[in-house]
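K.L.:
Sharing a structure, written as structure tokens. Questions coming.
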Amino acid sequence: MALLEASKSWQGSAPGSVNPDLASERQTASFCVERLTALLDGGAEQTRIRRAVVDAIESDPVFSRENQYFQTQNERYEAAVRKAVHLQKKMHEMGWTENGPEYKYIYRALSGDVAFLLHRVFMRSISVLGSDKQIAKWIPLATQHKLIGSYAQTELGHVGRSATHTVVFAQLYIHGKCYGIHPFIVQIRSLQDHSLCPGITAGDIGPKMNFEHIDNGYLLLRNVRVPRENMLSKFCEVRPDGTYVRQGSQKINYFTMTTVRISLISDEVLTPLMKACTIAIRYSVVRRQSKLKPGEQEAKILDYQTQQEKLLPQLAAAYAFYFTNDYLQELFNRGYREIQRKNFDMLPELHALSSGFKAVITQHCTAGVEICLRACGGHGYSLLSGLPSLYTKILASCIYEGENTILLLQTARFLIKCFMAASAGQPVPPSVTYLAAVKHGKCPAKNKLDFLSPDIYIEAYQHVAVRLTSNTAAKLQDLIQSGVKKHDAWNQCTVQLVQAAKAHCHYIAVKNFAETVEKLETKAGIQKIMKHLCDLFALHGIFSNTGAFLHDGYTSAAQMDMVTASYLDLLAVIRKDAVPLVDAFDFTDKSLNSALGSYDGHVYQRLYEWAQRSPTNQMSPAYERYLKPLLHNTLSKL
Ligand SMILES: CCCCCCC/C=C/C(=O)SCCNC(=O)CCNC(=O)[C@H](O)C(C)(C)COP(=O)(O)OP(=O)(O)OC[C@H]1O[C@@H](n2cnc3c(N)ncnc32)[C@H](O)[C@@H]1OP(=O)(O)O
Ligand SMILES: Cc1cc2nc3c(=O)[nH]c(=O)nc-3n(C[C@H](O)[C@H](O)[C@H](O)COP(=O)(O)OP(=O)(O)OC[C@H]3O[C@@H](n4cnc5c(N)ncnc54)[C@H](O)[C@@H]3O)c2cc1C
């Protein structure tokens, strides 16, 4: 009866007022929220531009998401196509261009609720793998939506019902010789009437857990002739006489995946977790349940230590991975500059880190969103909370752009190679130089405060990552030396290889967070609160993986008690700033689209009002057909 009980508290709420339980949380912030928002945006000017974009999009009724939770798959698709088409007009009106400062905020402002996502991946493929001539031909057509692109790599393809063109990844054969996977632009539908081109079978794959607004499809090509010039040929080319010419690494043909894996982290993965934290934390200070202290009113559920332990590590992870994303972007920009100069030296490291972090971040954030959902009790399960759709959306990110296990094994392959190279005294890329520095010492922490020292916990993470990699490399070698075939030996090590890859990424995420905090301005309380979050992120990782840290005695059981003590202390400290920390993410109510998470905290009023809009509250034909005869029958017996 939570709704009825709580409904008493909102009946008198004035328009524009904020629920006092939420308002009081904002009065005690230990830092300047606006400064933190600017930090996350990369400066106050970026915040201004972002807000202007959000405002322009949200004030346009075509982009409204008001009834989204009540729409069918077809309705969502149609609305998303309408928005995508309207967006072109809007961009023109507003003077926003693909290269302008506003562009990166548009998708976030639309909350991803727009069709033709894969059109962006299509364009990305051409931009990074196409020759200058191909870019000059295709990119303007794609930018103006004179064609609709998609990306067909996985067997059964993914093209759906909108696309007119696709980039197909297929084996290249010349005179019967296979040259491996290459990207080809293929027209699949008529630009006149949208009918399928000869030899093409394609369609939508049907209902999914989410992404109803995106049409994922199947594609079959039978005797389809693709012109030679349609093979993307920045790095590989087939000359008219059939000669194959390649510049640099064959693996560059996989580069679209690397770029997309990095670019999806922000909008597709971090944003859902940040929104989920915002909703769950705001709700947790509005929702009162049970008595914490005898004789007092019911407590805010965020005051329970267990509730803090659910939500605050997710909040810390959101910040940690926000900074990891900056690290990856920077690495990518450097790597891509070199690749454009046809220097492919950074490609293996870039591939290993983008794959590993894509897997680790999507895994962590998906679990985090689910925790937020469950932490809101029964209301979290309602679509109107906004949490189920965040969850079903983010879950897909563990699968697309490379299923996570496959990606972690890619990272592990790189780690094993580098470990072998480092052990033989050869140079290795910067992110793995630590593998050469195998130490067999013990954790030097003497008390719980020592575990708030980044040097202490970074070294513990490093130790675990080195141990998992070196032990697995040794097992692999032993198996091979004992006569097991290389591929069988690899398969027998894959569970441990996945552990090693995760440990490597976790170590880098912790180290990068600590280094970022170190460089922050000390004014306005920002550095202090970020340090708390960094400590929490690091200690949560140790607390929830105790086996890995205790395994070889690097950390003792007594030290684990110290970790636990510091970790629990931090929960109580960060709890005080929990609401300001999510306010700093600066999501508007429209973008949260949540009855539980709005800025004013009028949870029950919204839940009630939104529920009224549900088509399920209209009289169903089931009444006339089935219930009425049934009940009338009962009536005659009373
Ligand atoms: C705007 C965002 C919106 C989000 C929408 C999302 C829409 C989703 C789209 C998709 O899902 S598209 C499909 C994506 N598919 C994948 O990601 C497949 C995952 N599998 C792989 O990546 C595989 O590695 C592969 C590329 C299919 C190749 O597999 P294969 O078994 O043939 O070879 P491997 O042994 O794995 O690798 C050979 C060799 O190549 C290196 N390598 C692999 N990938 C890359 C890369 N991206 N960059 C650089 N190098 C790469 C790999 O390390 C091996 O090297 P060596 O160890 O042999 O030196
Ligand atoms: C929402 C969504 C959108 C998508 N959009 C596109 C798109 O636009 N274009 C496109 O081409 N694709 C797209 N995909 C497909 C996506 O890229 C693939 O689903 C993904 O790469 C996984 O491949 P798979 O489905 O073949 O899974 P599988 O490879 O069959 O994996 C199934 C299971 O087998 C395991 N497995 C497979 N191989 C190995 C191995 N070597 N070692 C150990 N375990 C293994 C995996 O870990 C997993 O547990 C999309 C998928 C989704 C969910």
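In case you wondered, yes, glycine gets a Cβ from its N, Cα and C as well.
Remember, TrEMBL labels are computer predictions, not curated facts.
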K.L.:
For the region 'Disordered' entry in TrEMBL, name the matching range from 1-22, 199-220, 243-264, 595-616.
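P.N.:
Matching range for region 'Disordered': 1-22.
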K.L.:
Out of these recorded positions, Thr154, Glu401, which one has the fewest other C-beta atoms within 10 Å of its own C-beta?
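P.N.:
Looking at the recorded positions Thr154, Glu401, the Cβ with the fewest others within 10 Å is that of Thr154.
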K.L.:
To the nearest whole angstrom, what is the C-alpha distance linking Glu401 (active site, proton acceptor) and Thr154 (FAD binding site)?
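P.N.:
Checking the Cα atoms of Glu401 (active site, proton acceptor) and Thr154 (FAD binding site) gives a distance of 10 Å.
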